[in-house]
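Reading through the structure tokens given below for one structure.
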Amino acid sequence: MTDPLLAGDDDLPDRHQGAAAHFWRIALAIAALGGPVLWLALAEPQRMPDLGTVYLPLHIAMEIFSIVIASMIFALGWHNISDKIPCNVIILSAAFLAVALLDLCHLLSLEGMPDFVTPGSVPKAIAFALASRIVTAAALLVVALLPWSLYAGRRIRCIALAVSMASVALAAWVVLYRFDALPATFVQGQGVTLLKVRVEYALFALYTAAALLFLWRAWRRRDRNAGYLAVAAAIMAMSEVCFTWHAQPGELPGMLGHFYKVIAGGYLYWAIFLDALREPYQQLRRSEQSRLRQLTHDTLTGLPNRALIAQKLRQAIVHARLRNTMLAVFFLDVDFFKKVNATFGHGVGDEIIRACAGRLAPALTSDNTLARQAGDEFIILQENITDGHQAALLAENLLRRMREPFHIQGHEIFLSASVGITLFPDDETTENGLLHKAHMAMSSVKKDARNTYRFHTSDMERGLREQLMMESSLHHALDNGELMIHYQPKVNFSTGAVAGVEALVRWNHPVLGQVPPASFIPIAEENGCIDAIGMWVLEQACAQARKWQELSLPLLCVSVNLSARQFQQPRLAEQVGQVLRDTGLVPSCLELEITESTVMQDTEAAITALQSLKRLGVVLSVDDFGTGYSSLSCLKRFPIDVLKIDRSFVSDVTHDTNDAAITRAIIALAHGLDLAVVAEGVETLEQALFLQANGCDEMQGYYFSRPVLPDELADMLRADPVARNMDAAAGGAAPGA
């Protein structure tokens, strides 16, 4: 039987209420069945009805019922389908095998029945009946005293069966072959003896004790089976009361005692049935339901998973077609969740996911379904809408809830979410298509903005296809000769001469055409191709610079950008030194550019890497300065030579006072640290004049020249060996040309 103490705490209130109701049903059953006993106690003995000739067939029928029920108890308990059978069940089963056999002996020994070894008689029948009831009482008392947590092995089963058969054999041998040695229990013409009555009272005491123990277990441990056993023991006690009043065959108390015995057997059978069949079946059913729930629900939040939401979405599409309504599918991803896991641990991350589920659910109505996809992604299904505006309102509500701070384990954590939305039937008509396009819209938000929502558009699919094409093609771009390097001149403000060039990689895709670096460089950084591409650019740029020198062109310093992955490589300085040796380029003619955000990720490691590069004699510059989080204490420790002002400040320097002030401050800071300053993205004469007036050292941008091929740059330098000054460039290439 299942110990209720093993049940979950969440079920305690319901279990207590159900157990209390069951307890009162037990009490009511005992009270109702005790009515006839009370009537017998109050009735006058001489007015008791005598059943006469009806008694024997009724008695035989009752005994047959008792034998059948006892046999069923044995069969059901002994062949329990559960893997673990409690010792108590085995004890009851084995005992009732003995009871069935002893009752059969009692039936065959009734007066008037054919000889059963010896002639039948009332004393012989009483002896077998008492033996049967003694075994029953002893078994019930043992079961009441033993804990249900003990399980029967092969040895215990054999012992129980052996004791059962031994008790039957002993009783049969004594009654059939040594009957004269037994004390008298019945005297012809007088009725039962005092000894027989006292034995009945002793059995009454045993049954009552067992009933009280079962009742205590039923109340304390909320055990239904113990309740049924308590009723059975109490009814057996009532039957013993009836047998104490049974003096002569044919009297009503004896028949009532046999009736109670049959009823008690029924309760015992039901208790064994619960343990042997019903409870294991229910456990199996609960296990199947649990496994089914695990297949369709998320274990962390209890929400439907992708499989279940896809099924619900399929049904929702059918309903939307029938009702001629729309539905929306939302893909919600928690922004910066990986940082939370990395900072606070996965335990806090799990609590945040549960908190997100608890925060999103109240925002939904009965027409909405919330599910967890995986990780930090949720899916929301919104049914019965008429337009996209309703979906937008829900998205705004969800985002507003996600912006509120999370308080987890003493931490206040601020997060946001990115939401992608797709509509049925406008965007897609299948459940997988809707989920895919909603995820595509969410990915678009994550890539460009975060903390907002976006509806799916056809441009997203085209962009995704192009991205997938680039991801697969980029691995072979070097081998296929699709990459090339363009060089953008850098002009010295003081002399107007070309002081250097920046090597910029370009990708000529066979299908997509010219792919801008902003499109494929992030992909290369993600898939690891940036290492090979970066080293190839370094080798090609150094070789080209050396070639220009051999052509007697002005000595130029070539700048090469280092990616974050390259900069973090422990053998970077060794690789750069090897390239310089292989190409024969003077180290001072190579400038390595590292973005501000890269050097600030780990300042101590950055200082070590920069120092190792500086020992080679190369020029070091910090690119995109002003967009990161540099501190003066770190900046002065970096062995750098150049600061490059980010184009975002230069573009608005002539009409934005803040950008103008920041640019002046960067120039002053750099000169104060004895660093040169290069401005990127100069596209107008006004910008160039502003930078020149404020002491900027060099500039590069479309105002002077866009990035060009090596031969074109060589022609440019040959045409004006001194330099192309700013006045000559004023009529040159237009921005964006």
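Yeah, the Cβs are placed from backbone N, Cα and C, and that goes for glycine too.
Bear in mind that the values here come from a model prediction, so they are computed numbers and not experimental data.
The transmembrane segment annotation in TrEMBL covers 23-42 (among others).
The feature transmembrane segment is assigned by TrEMBL to 54-77 (among others).
Taken from TrEMBL, the feature transmembrane segment covers 89-110 (among others).
Feature annotation from TrEMBL assigns transmembrane segment to 125-146 (among others).
Beyond the ends of the transmembrane segment (158-179), by six or more residues, the same chain brings 90-91, 93-95, 97-98, 101-102, 105, 109, 116-118, 123-124, 127-128, 131, 135, 152 to within a C-beta distance below 8 angstroms of the stretch. The transmembrane segment annotation in TrEMBL covers 158-179 (among others).
Residues 19, 22-23, 26, 130, 133-134, 137-138, 140-141, 143-145, 185, 226-227, 229-231, 233-234, 236-237, 240-241, 243-244 of the same chain lie 6+ residues outside the transmembrane segment (199-219) yet bring a C-beta within less than 8 angstroms of a C-beta in it. According to TrEMBL, the feature transmembrane segment maps to 199-219 (among others).
The feature transmembrane segment is assigned by TrEMBL to 226-247 (among others).
The annotation domain 'GGDEF' is assigned in TrEMBL to 325-458.
For 467-721, the entry in TrEMBL reads domain 'EAL'.
Residues 1, 56, 59-60, 63-64, 66-67, 70-71, 73-74, 76-78, 80, 116, 120-121, 124-125, 127-129, 131-132, 135-136, 138-140, 142-143, 146, 152, 156-157, 160-161, 163-165, 167-168, 171-172, 175, 268, 272, 275-276 of the same chain, all 6+ positions outside the transmembrane segment (89-110), place their C-beta atoms under 8 angstroms from a C-beta of that stretch. Confidence across the domain 'GGDEF' (325-458), taken as the mean pLDDT and rounded to a whole number, stands at 90.
Helix, strand and coil counts from DSSP across the domain 'GGDEF' (325-458) read 61 helix, 42 strand, 31 coil.
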